[in-house]
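K.L.:
Sharing a structure with you now.
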Amino acid sequence: MIYLIIILLKFQKNLYDLLYSVIIKEDYLRNINGILLLDKPIGLSSNLILQKIKKLFKAKKAGYIGTLDPIASGMLPIFFGDATKFSDYLLNTNKWYKIKAKLGEKTNTLDSFGKIICIRPILNIKKLNIEKILSEFQGEIYQKPPMFSSLKHLGKPLYKYARQGIYIPREKRKVYVHYIKLLSFSKKYFSLTIKCSKGTYVRSIVDDIGEKLFCGAHIVKLRRTKLFNYKESHMIDSNKLYNIKKKFNDLKKLDECLLPIESIFKKLPIIVVNDDIINRLRNGIKLNFWKIKKNNLFKIISKDTKKFVGIIDINKYGRANSIKLIK
């Protein structure tokens, strides 16, 4: 009987702790809006660092675009609150990388985080050999996604199949490399800079270069330096964020690290409307903008508050095709 009472008391305590944590969590989390250009550290998955940053900011809603491999560092855009509505406008933008690769070794993940599966001699490779091969990867190319990737097959990421030793056939996909340039070359290593389209696997490019050099190659360092119009200088690393939190113990100081949502749309033409029009748009009322005779995406600015409230796609007949507004 005593044991039964103890079990019931433990169950009651666990249930209380669970309910308490859920209630506190909901009250504790904040509705914040903005974009953090995180300098992702090496060794963590993009999703894991997202959860850490979300917890640090005590944010109710957050997401990211442009997955970076655990080996990679650099720009990982994290979107908070209403900013998540507009993240898809960065999905198809170009990305810039700096890469360091090692010759003579091929790994199962195509980077140094994997297992070496083949070692071959490096035979008389010259700088000109590499530069000539690089020219073959400029422009429109077709590449097969690596098995160790987050690309899904039947709802399951490919890397999970790879870890189980299951091979999944993949079709080649078209990507675009705007430029690829050799930065340095030594006997065992070479460094590149590359600007490429969405969906480009730079690990696969390095692996293909290694095969064309008949010795194999894999990435040992990978850093995303730029995405869209955001530059490397705009990034902030997680250590700095934690230091800000520790020093000031003020979430508003962390919020100062966020870029406004409208930073995505700096180059868009502006349409200024009063709050009455904005409220009608919020309520789903279709309006015509007869004075606009050009098919374009516009940034909406409130005439009353002078603040960004969303974007609207207007066709050449002055009709709104689509609208996205912040709350």
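Yeah, the Cβs are placed from backbone N, Cα and C, and that goes for glycine too.
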K.L.:
Which single residue out of L76, L182, L222 does Swiss-Prot record at the substrate site shared with Y97, Y201?
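P.N.:
It is L222, as the record lists it for that site.
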K.L.:
What is the number of other Cβ atoms found within 10 Å of the Cβ of Y97 (substrate binding site)?
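P.N.:
23, counting other Cβ atoms within 10 Å of Y97 (substrate binding site).
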K.L.:
Other residues near the substrate site, CB within 8 A of the CB centroid of Y97, Y201, L222?
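P.N.:
Other same-chain residues near the substrate site: D69, A72, I99, I194, T200, V202, R203, I205, V206, I219, R224.
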K.L.:
Quick one: give me the count of other CB atoms within 10 A of the CB of D69 (active site, nucleophile).
P.N.:
23
K.L.:
Might you list, by sequence position, any residue in that chain lying six or more from L222 (substrate binding site) with a Cβ less than 8 Å away from its Cβ?
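P.N.:
Looking at Cβ-Cβ distances below 8 Å from L222 (substrate binding site), excluding near sequence neighbours, one finds D69, I71, A72, S73, G74, Y97, K98, I99, K100, D111, V202, R203.
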